[in-house]
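Listed features, source TrEMBL:
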- 20-41: transmembrane segment (TRANSMEM)
- 72-94: transmembrane segment (TRANSMEM)
- 101-120: transmembrane segment (TRANSMEM)
- 126-149: transmembrane segment (TRANSMEM)
- 161-182: transmembrane segment (TRANSMEM)
- 188-208: transmembrane segment (TRANSMEM)
- 275-300: transmembrane segment (TRANSMEM)
- 320-343: transmembrane segment (TRANSMEM)
- 364-388: transmembrane segment (TRANSMEM)
- 427-449: transmembrane segment (TRANSMEM)
- 461-480: transmembrane segment (TRANSMEM)
Amino acid sequence: MLGCCGGGLRVRSWLTFASGLFECLCFAGAVFGWASLVFVLKSDGYFSELCVNTTSSNGTYTTDCSEQDEKLSLIFTIASFMNNFLTLPNGFLFDRFGTMVTRLLGISIYTTGTMMVAFSNAAMSILLYPALSFIAVGGILFLVTNMQVGNLFGSRRSTIITLYNGAFDSSSAIFLIIKLLHESGVSLQASFLFLSMCSLIHLLRTFLLMPRKHIPYPLPEGYTYGMSCGQKKSYSIEGKSANQGNIQTPAVHRGDRSPRGHTIIPKRVSDYKSFGSCVLSWFFLWHLLWLSVMQLRHYLFIGTLNPMLNRLTAGEPALVSTYTNAFAITQLCGVLCAPWNGLLMDRHKGRARKPGESERDADLQAAILSLAVTALQCVLFSVCAASPLLPLQYLTFILQVLNRSFLYGGNAAFISVAFPAAHFGKLYGLVMALSAVVSLLQYPCFALIKGPLGGDPLYVNIALTLLTLLAFIHPIYLYLHCRRLATQRGRTTN
């Protein structure tokens, strides 16, 4: 019987992992495929009443749809803001109520969003405002509850976590599929009704392949979840087994869950540092700046991609469609790029540490290169995005997906090594929420381009490129900090 249960648990673990990867890849981050959906929405006449006929200087008649672009950009701005800002309450919700409650809420929100898009039309364009926000918030809840699946695989945990993050990025290609289906005659309503019906898959995973509360880390012996073939043991958030009475495990075996539902590192005696002191530290401030400026650059690029392509192609629909498809296809590579940053940060694992050097010191030292490479990628991406050369945008798309994968993986990894594990969830949620507030600047930037700048984004692109240079402050400060620690260790050993 025990052998049966052991084999059954292994099979269930792999089914949970595979189905979770499918869920993140096909649903969780679909909202970031906005550029493909905009193409469909414009074809179906959403906000088309805002387009006006104008006469150019040479006497030819043209159609000015800048107000339509502005409305569509605002929808993405709000949705992307909600996706990040609600990470903090989502983390508290997951920690307090567990997997089942969180997933049922996420499924309800996500399905409501897809149904609203399905039953919207050009006359009801206003429905897109709540609909895309619901899809974004529901999608991040899928990711939050799936991250803990890595806890089932021990040494492979970090790899699985980065794969889920990459799958979240790659799911933006779902709107590309909807665009291609639309060009083949499948209506927008049919596509989103199908996405709504897929909620049955999410429900089945919730009840059959996910725990009611949380997956602990490290896994207690005999841990089971979902549909068990033997006597079921339940475990609390503190990692206690029901068959151990009320005896709490030592602190070294207890982990802290992040808003994405996974344990980062075990608690240590040195972890007793106040949350307030972490927030007020230079590490947190420079990390927030590092994340915010690069995230703003990415969000403005995604939100304005369709108008940019229209400008570079002189409004040629076939060319706009081709480049939109190319952008969406490159997003699929996010799941392949995501683990690279983890390998970069873990390159010191297994090496002998210097005298007096702690594991945290080694992790911080390894993070310098990761943070600097991510900032350099963003600068190169921003320079290419600012170029008026249309063929160069293929390189822009590649740099964008590579940098986005490094950005979010490096964000979580740095917080996990730089701050006490006891505060990871709160710090991660706070940095995402604060960076979401900064990302709201994308809308006034877009309004500036469409208004005073007459549709030419050159000056805004230059300003954003210079702004991304501020991201290098973070790795420089970390380098100076590590050098100070090395000097202190040298004095101590001597």
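Backbone N, Cα and C atoms are what each Cβ position is placed from, and that goes for glycine too.
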Exercise. So, does the transmembrane segment (275-300) come close enough to the transmembrane segment (188-208) to give 3+ Cβ pairs below 8 Å, pairs being at least 6 apart in sequence?
Worked result: no
Exercise. Per the definition of 3+ C-beta pairs under 8 A with sequence separation of 6 or more, do the transmembrane segment (320-343) and the transmembrane segment (101-120) touch?
Worked result: no
Exercise. Would the transmembrane segment (427-449) and the transmembrane segment (72-94) count as touching if the test is at least 3 Cβ pairs under 8 Å, pairs 6 or more apart?
Worked result: yes
Exercise. Looking at the stretches 20-41, 101-120, 275-300, which one shares the most CB pairs under 8 Å with the transmembrane segment (161-182)?
Worked result: 20-41
Seminar exercise, completed: If you count CB pairs under 8 A between the transmembrane segment (275-300) and each of 72-94, 101-120, 126-149, the winner is 72-94
